[in-house]
Amino acid sequence: MQWRSVVLGLLLLRLGLQALLALLPALAPGLCLRRRFPFPFPPPLAALRPPDPHSSHWGSLLRRGGLGGAAGGDEYERRYSGAFPPQLRARLRDAARGMFVFGYDSYMQHAFPRDELDPLHCRGRGPDRHDPSNLNINDVLGNYSLTLIDALDTLAVMGNSSEFQKAVKLVIDTVSFDKDSTVQVFEATIRVLGSLLSAHIIITDTKQPFGDMTIKDYDNELLHMAHDLAVRLLPAFENTKTGIPYPRVNLKNGVPPDSHNETCTAGAGSLLVEFGILSRLLGDSTFEWVARRAVKALWSLRSNNTGLLGNVVNIQTGHWVGKQSGLGAGSDSFYEYLLKSYILFGEQEDLEMFNDAYRNIQNHLRRGREACNEGEGDPPLYVNVNMFTGQLMNTWIDSLQAFLPGLQVLIGDVEDAICLHAFYYAIWKRYGALPERYNWQLQAPDVPFYPLRPELVESTYLLYQATKNPFYLHVGMDILQSLEKYTKAKCGYATLHHVVEKTKEDRMESFFLSETCKYLYLLFDEENPLHKSGNKYMFTTEGHIVSVDERFRNSLWQDILPGEEDSTERGKPNELKALNFSSNCNRVPDERRYLLPLKSNYMRQIDQMVGLI
């Protein structure tokens with residue numbers, strides 16, 4: 001009832017102001033009215049270049065569509081509330097597609113068949129053979145046309161069947177994994193293995209919801225390639241006393257003799273979705289078995305006191321080398337894949353582990369007031385703590401943690417997701433990007449670069465799907481504008497070396513095309529088959545789409561999976577019972593669809609916390 005009263009009050013206020021505005025020309029013919037904001041927003045709409053700049057009149061669309069909410073109310077309501085014009089949404093969808101096309105075409109023209117594009121010098125990049133210790137490059141680049149592979153399902157989602165078919169044939173004809181390349185098991189799994197499986201599922205889908213993505217005379221080549229790659233990754237799981245895999249493997253020769261025995265929780269524990277899909281498509285339990293064994297090994301090492309896990313572990317001794325428990329780098333996707341493995345495979349123990357982990361996260365990592373949209377105190381924030389004591393370890397959060405609101409949407413904890421998303425969006429508004437690490441106490445970046453990461457866009461998209469609140473379309477528009485303004489380069493889009501100075505680095509990581517552009521496009525493409533076809537899809541941690549259907553719920557090897565006690569207890573495809581959070585989807589009333597998802601006073605509080613005002 002409180003929100004209905006607010007809506008009625010705003011309506012009456014708007015009517016009164018409209019009547020006043022009608023009288024103003026007669027009362028004060030020389031008066032010029034101008035809307036003002038007390039803090040800087042992203043650049044004006046004209047700064048963003050859509051695919052056809054000569055026919056773009058976004059400002060007029062804003063005026064005709066009534067965007068900007070009621071004339072009354074505070075700055076936040078005027079900026080964000082109200083309907084979002086469909087014409088503007090269509091232009092933003094086309095702009096997101098244009099962003100992808102420019103990056104993809106630049107890669108194909110200047111970099112293929114190398115792994116990545118250097119957008120400043122318009123050339124390709126592969127592994128750093130001269131410096132094997134350059135893990136920032138060599139962990140990711142395996143000399144296997146990474147960017148092309150990673151972008152396959154984005155082509156399908158955007159409905160470009162001809163380029164999808166061409167790209168798939170290029171991958172089949174030119175890519176080999178028989179390479180003397182030492183890569184990180186995690187990166188090869190989520191970027192390459194996951195994309196091959198996603199594209200295979202799209203090609204073989206009898207419904208073909210994205211258009212005709214079939215390949216003439218296709219003989220499961222992508223599935224065979226995925227199998228070949230996974231076999232080359234398997235040595236990482238051998239000769240470890242805990243079952244936790246080595247972090248790196250040479251695709252030709254196995255685990256390097258000088259390999260480190262330390263790995264991060266996310267790297268070792270975020271392989272189950274891709275390995276599980278492969279096992280169930282092949283009917284071979286090997287891959288799911290080793291991935292599940294690694295997850296259970298990590299789970300068994302959690303603190304007896306707090307139930308938390310650290311971020312770096314010794315794979316031989318099980319000793320925690322890194323005792324930080326957080327939700328960013330080194331930990332993030334471990335929790336994500338506990339839930340997504342359950343959604344996809346229906347194994348009850350995955351949900352039980354996730355529920356326990358999420359409860360412990362709430363108890364020890366969450367700071368701030370109990371409820372997002374009511375009460376006194378600081379807004380909710382998830383901090384980094386010592387896994388054994390729960391004591392604060394530092395005062396920074398990293399940009400990878402921006403994935404969490406999207407994960408909270410999947411479990412129905414939408415209210416908490418709204419608050420955390422608003423905090424990251426406020427940081428974006430301040431810098432036009434997310435610094436890799438942000439010190440919330442100093443209100444300044446600790447690590448100032450931004451490599452075109454997708455996590456904030458991902459959470460924005462999922463929150464919009466959950467709430468249909470136009471606020472998140474505004475957020476997406478701001479992100480799109482910032483990317484165009486600050487990261488566009490001669491041949492693609494470049495990493496920001498410093499979010500304050502806006503200097504660029506000569507690198508366009510493959511996830512920009514596989515995730516960032518995809519989530520932006522889907523945010524504005526309401527009619528996309530992914531939303532309308534009736535099929536159910538899930539995004540991997542690299543943004544690859546996989547169908548959620550019964551075939552992944554069936555396996556023939558429950559009796560041999562590690563620690564399996566009851567092979568009959570399996571979740572139904574649409575059943576998800578995560579009961580340990582304090583709020584759920586039903587707490588977001590229908591009346592708030594065209595209002596701010598977060599009350600203005602709380603939004604202002606967050607903007608103050610990051611130094612916007």
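One-based numbering along the chain as shown.
Note that Cβ sites are derived from N, Cα and C of the backbone, with glycine treated the same way.
Pulled from TrEMBL, these are the features on record:
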ACT_SITE  Glu187  active site, proton donor
ACT_SITE  Asp332  active site
ACT_SITE  Glu436  active site, proton donor
ACT_SITE  Glu455  active site
BINDING   Thr541  Ca(2+) binding site
Report summary line: Spacing of the two Cα atoms, Glu436 (active site, proton donor) and Glu455 (active site), in whole angstrom, works out to 11
Report summary line: Cβ contacts within 10 Å for Glu187 (active site, proton donor), all chains included, total 21
Report summary line: Out of the active-site residues Glu436, Glu455, the residue with the smallest number of other Cβ atoms within 10 Å is Glu436
